[in-house]
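Q: Pulled these from TrEMBL:
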- 1-60: region 'Disordered' (REGION)
- 12-24: compositional bias 'Low complexity' (COMPBIAS)
- 78-96: transmembrane segment (TRANSMEM)
- 83-591: domain 'Major facilitator superfamily (MFS) profile' (DOMAIN)
- 116-136: transmembrane segment (TRANSMEM)
- 148-170: transmembrane segment (TRANSMEM)
- 176-193: transmembrane segment (TRANSMEM)
- 237-258: transmembrane segment (TRANSMEM)
- 284-310: transmembrane segment (TRANSMEM)
- 322-345: transmembrane segment (TRANSMEM)
- 357-379: transmembrane segment (TRANSMEM)
- 399-421: transmembrane segment (TRANSMEM)
- 428-447: transmembrane segment (TRANSMEM)
- 453-481: transmembrane segment (TRANSMEM)
- 568-586: transmembrane segment (TRANSMEM)
Amino acid sequence: MGLRNAFRRQTTETTTAEPTVTQVDVNLAGDEKRVPSTDDGSAEANGDGNGEQPETPAEELQPGVRDMEAMTQNWSKWSLCAVFLNIWLLYFTNAFQSSILSSLLPYLTSEWEAHSLLNTIYIVADAITAACYVPVGKIMDLWGRAEGFLFMTICATIGLIMMAACNNLATFCAAYVFYSLGFGGMTYCVDVITADASMLKSRGLAYAFTSSPYIITAFAGPTAADDALGAHGIGLRWPFGIFAIIFPIVAAPLYGVLKWNIRQAQKAGHMIREPSGRNIFQSIWFYMIEFDAAGVFLFSAGLVLFFLPFDIAGSAPSSWDTPYIIVMLVIGFVLLFVFLVYEFYFAPKPLLQFGFLYNRTVIGACLLDATYQLCYYCWDNYFTSFLQVVNDLSVADAGYVGNTFDVVSGVLLLIVGVLIRKTGRFKWLLWISVPLYIFAQGLMIYFRRPNQSVGYLVMCQVFISIGGSVFIIVEQLAILAAVDHQHFAAVLALLNVVGTVGDGMGATISSAIWQNTYPKALRMYLPESAMDNFDNIYEDIDTQLSYPVGSETRIAIQHAYGYAQTRMLAVGTGVMVLAFIWTMMIKNIDLKKVPQVKGVVF
């Protein structure tokens, strides 16, 4: 692939005349405004979406995009409502399981005395998940939105089943990779479908609506987790097994609605799929090329081998001088370098679309997401453990504090979605949220230590939630506004890849700080009488909680947590200053003037 081809501009910053589109603008009062179509894309459809003869999607579009355009031009507003209702129910289930299971994971890993290895598991899962977003996006473009969603649902269900049945750390690690890939990929698929079925000016409100279930589950989840761990609870494994049954049942209707409407569009003659003419071996080779199997392997292996040494060096025999630590770093770096060279010069279908690198809005949104994810996960993975050990909160109460983000974002995003819909602008929100987030995380450095009121932690969490929730919705809108419908899946995949890598980097930094500060602080603060139990205190949260509040050993453990956590937060706060630069890179696009989708849409 030559240089010109690698950097070919693929965005819509220089657009030509847009095709006639038909849209349904569902206003806040619940009525619908419909006028005849015009060439500038501001038109809206009649009551059933069939006021004009639907267009056959352009042949140059990817099959999945053609299917979606044909479907939205053929379906009714009731089908549109059914899709959004099913997405809401799916998010409700996802939010509930995430709220419960995230509270249980520290206890599950403690069964094998591996509480301190949580970040190691997260790093491996993040690296593999990040490498798979682009292939999942290609599945959605080549096979269809419904097929990509089905594949991710299967992966998530496998992960839940394996977690319920695992009896050793290795099986749990594999299970968590399936879990992370499945639920991360499922959320990504749903975000693409939401973008397909909404106008750009209303997309923020659509995303806010689909994520609103987090308001409900923020408090229900931790209570359920606490009950499961109680003396008369169902135990640690059953919640995973229950959701392995519930999740596919809830996901099935969305898949069914999509497939049914696709068949209706086919019957109406709006979709034409030509047979490929390939045999089985040709198809295998074709999809290996399309999904860039070599690129996926190089990227995921490189990330894992490069990030892991930062996490495990502290426990290695000779720390950073240990041979296998050096070998992992070198091989990881070489694989990432080879990945870039391969993608740039040799990959027939690159994992990364280098044409997007010409678009400053795409770059700014991706870098903002990576910075935010890195800063957040510098400290978040051990937060609920901190609340239980240092502030003596129950599993439920620690979950309530940890889920402050879900409550605040669920309410705030609805307001933000309305404001963006009314004004058509989004960048002004970043100039408010970035300094607020940095201020709140800076305050957390002082309050994340023993003998501080949990109320101050909640206050900081509220401010962090306001800033973070605005980042998430604005990043998605900005990157989608910079491209046309053909590239929705590609740019959202890129955003998820960069964000997940940032997540993994944050977990790596967090783990490196934890491994190099927490055991050191324990040795400084623990009384001699507790040193014989040092390994159990370090690895097992149940052992940490077994010491009475106010005892010399418990106070020492609390000070060790504070020593590690303040340093995690300091790093995250310092890095977050870069968000001002990334915000300046993002163009303040008028969302009302960018037509993208066709048919009966929100």
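Numbers here mean position along the shown chain, with the first residue as 1.
Glycine too: its Cβ is placed from the backbone N, Cα and C atoms.
Automated prediction, rather than curation, is the source of TrEMBL annotations.
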Q: Per the 3+ Cβ pairs under 8 Å rule, pairs at least 6 apart in sequence, do the transmembrane segment (357-379) and the transmembrane segment (237-258) touch?
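A: Between the transmembrane segment (357-379) and the transmembrane segment (237-258), contact is absent.
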Q: Below 8 angstroms Cβ to Cβ, which residues of this chain, lying six or more residues outside the transmembrane segment (399-421), approach it?
A: 28, 95, 99, 102-103, 201-202, 204-209, 211-215, 217-219, 221-223, 225-226, 383-384, 387, 393, 429, 454, 457-458, 461-462, 464-466, 468-470, 472-473, 477, 591
Q: Cβ under 8 Å to the transmembrane segment (176-193), counting only same-chain residues 6 or more beyond its ends: which ones?
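A: For the transmembrane segment (176-193), the far contacts come to 68, 83, 87, 90-91, 94, 98, 121-122, 124-126, 128-129, 132-133, 136-137, 140, 145, 148-149, 151-160, 162-163, 207, 210, 251, 254, 258, 476, 488-489, 492-493, 496, 500.
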Q: Should anything in the same chain at least six residues away from the transmembrane segment (453-481) have a Cβ under 8 Å from its Cβ atoms, list it; otherwise answer none.
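A: Same-chain contacts beyond the ends: 191, 195, 200, 203-204, 207-208, 361-362, 364-366, 368-369, 372, 376, 387, 391, 393, 401, 404-405, 407-409, 412-413, 416-417, 420, 426-427, 429-430, 432-434, 436-437, 439-441, 443-444, 447, 488, 491-492, 494-495, 586-587, 589, 591, 594, 596.
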Q: So, taking each listed stretch (78-96, 148-170, 284-310, 428-447) in turn and counting its Cβ pairs to the transmembrane segment (237-258) that are under 8 angstroms, which one gives the highest count?
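A: Per the Cβ count, the answer is 148-170.
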Q: Quick one: average pLDDT across the domain 'Major facilitator superfamily (MFS) profile' (83-591), no decimals.
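A: Summing pLDDT over the domain 'Major facilitator superfamily (MFS) profile' (83-591) and dividing by its length gives 85.
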